[in-house]
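Here TrEMBL flags 393-406 as compositional bias 'Low complexity'. The compositional bias 'Basic and acidic residues' annotation in TrEMBL covers 607-642, 677-687. Feature annotation from TrEMBL assigns domain 'PH' to 253-351. According to TrEMBL, the feature domain 'PID' maps to 477-628. The region 'Disordered' annotation in TrEMBL covers 373-406, 443-468, 607-687.
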Amino acid sequence: MPGIDTLPIEETFEDSPQTRSLLGVFEEDAAAISNYSQKLFQAMNRIYDAQNELSAATHLTSKLLKEYEKQLSSCHAVLSTQLADAMMFPITQFKERDLREILTLKEVFQIASDDHDMAINRYSRLSKRRDNEKVKGEVMEDVYTSRKKQHQTMMHYFTALNTLQYKKKIAILEPLLGYMQAQISFFKLGSENLTQQWEDFLTNIGTSVQNVRREMDGEVDIMQQTIQDLEQASDLLYMPDPDPSQVPVNRNLTRKAGYLYRRNKTSLVSSSWERQYFFTQGGNLMGQARGHVAGGLVMDIDNCSVMAVDCEDRRFCFQITSFDGKKVVILQADSRKDCEEWIATINNISKRIYLSENPEEIAARVNQSALEAVTPSPSFQQRHESMRPTTQGRSRAARTSSVSSVGSETASPALSVLSLDALVAPDTPIQFDIISPVSEEYAGQAKAAGQGRTNPFGESGDTPPEESEDSILHQLFIVRFLGSMEVKNADSSDVIYETMRQILASRAIHNIFRMTESHLLVTCDCLKLIDPQTQVTRLRFPLSSVVVCSSHQENKRLFGFVLQTAEGRVDGRPVTVCYIFESNNDGEKICDSVGLAKQIAFHSEMDRKATEKKEEQDKAKEKQQEELSKQKQIEKDLEEQSRLIAASSRPTPPAPSADGQFLVLSKSQSEDSDAGQEGREKGESDA
């Protein structure tokens, strides 16, 4: 006998659209069997009625023919009895018992499915702000009861449909076999024409029927045992939000499927939530509504970002943003476990782990490395076996990404002599959200301005004109802030690798998936983090304070830079902070852009200093010329004064009067005359 297709009972709890579609195929087959069995029953009932009528007519005839009364009556009575037992009984039992059981289970399953949908809808609308333990307990008990009832009903319904695949053969063959056996027995009573071929054929048919019955009994036993095992294993899964200690979260998945609620905006202020079946297929997120034959593309989740969000006072919501930031999908899971598994799975797919040969093994290794990253080890080198780049790669990274001094190359110190305390201060807190440090400089600017746009982080929204107009370089990148922490050493890019390791490990351990997305603007003066929605500057880093900038050698989308602030601590030492980001682009491009900005700023500073030096030299020359001119004027004045003194010391003859006599002047008149003459001579010399 060929193999018989059956419904997989193991997939009853998942209740996926594919399982529902396969169930629909079996239901259509059951309906076809019911229709065919009804027609077969009517045909065989006509045979049975005809045989009864023939038996009654034969009995009446036998009364007229006394000598044949006993023989004819007994033969037709035996034939009628055999037709009733062998032909009508199997088809009647199949019609009245088996098919009626299928219809009853179908109705019960539909009722259980509707009850479960109502219970899960009521559970999804539980308020997170107004947490009523009594209402929550009633709703969770309702979900538990309805989910258990649906699962059990579905398993028994599947078992009945699977059994029907065997019973339909028996229901068709047994009546035909009984009819033929009854007819043969009838003919044997008065005929010798029965051959061995007929007997062999009927024997084979009987053997096949017995084999099918034994196979059906064995399959029923297996399905009953499977139902018991699944009921015991699924008891914890009936709760909508199971205990994480009993049902742990699997963060190594690269494929996942299940029912989620999707938020659809119906207007500017209202939205609706639709329950759909979602599944991942490669780097795509697919969605399939109930009743649809196949799923459709929801969005491309390669290089996407995913994080938990608070949305409309609903539990377990998370948001998926496409790599270009143009599409956002908000979904709601049934439990915290499902929510965290969906977020971890989409993160693994976003990193393209699914393209490797053993994706789950690689995902497990990555997560295990993140968990083990917080365990102290004796040396820095042992902790960086999975994250530290090779020596050649570090040298290249130090040459290309280090921007500590433009125009000079500094080799990275040997990792074997570094320790954790030499790079990162012990017990250093990690900042996972953007908080702008309000410095005295920005506070003074805000007070002096007296107006302008101020963002929640304490910075003015107005951009200085020299930054936006005079800057040669303007490059914009989409980045997501992972975290920042204070470091002790900023001499090499190794401190960035260590900071990346600690921040990623802390995020994995504390289940922190939320990331703030910003636009990173690189100019020749500073680095800015700008809010993509409001265009408000969240953080501003002076380019002169950026000491080191480097990207991760394995995950190219991770990069960071070390910032040395001008404000010092109480002891006077500068504060050194390392910032870590994730970008949609290659991190090396961003580091190269920062390096280019440092070079442009360096050359601009050199040109400015050269211009200032030249201006100082020109001013010195002008001042020297003025000093020489003053000195020459003083010498000329001294010479003129000496000449006047010499002229005034000579005797002056008395002037004759009109009558030829000499006029004698008094002493005062002589002095006035000398002073007037001296003034005229001085005026002529000045002219």
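Using the three backbone atoms N, Cα and C, a Cβ is placed for every residue, glycine included.
Unlike curated entries, TrEMBL annotations are predicted automatically.
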Legend entry - Confidence summary for the domain 'PH' (253-351), mean pLDDT rounded: 88
Inset, instruction - Please spell out the DSSP helix, strand and coil residue counts for the domain 'PH' (253-351). - result: 15 helix, 50 strand, 34 coil
Inset, instruction - Provide the three-state DSSP residue tally for the compositional bias 'Basic and acidic residues' (607-642): helix first, then strand, then coil. - result: 36 helix, 0 strand, 0 coil
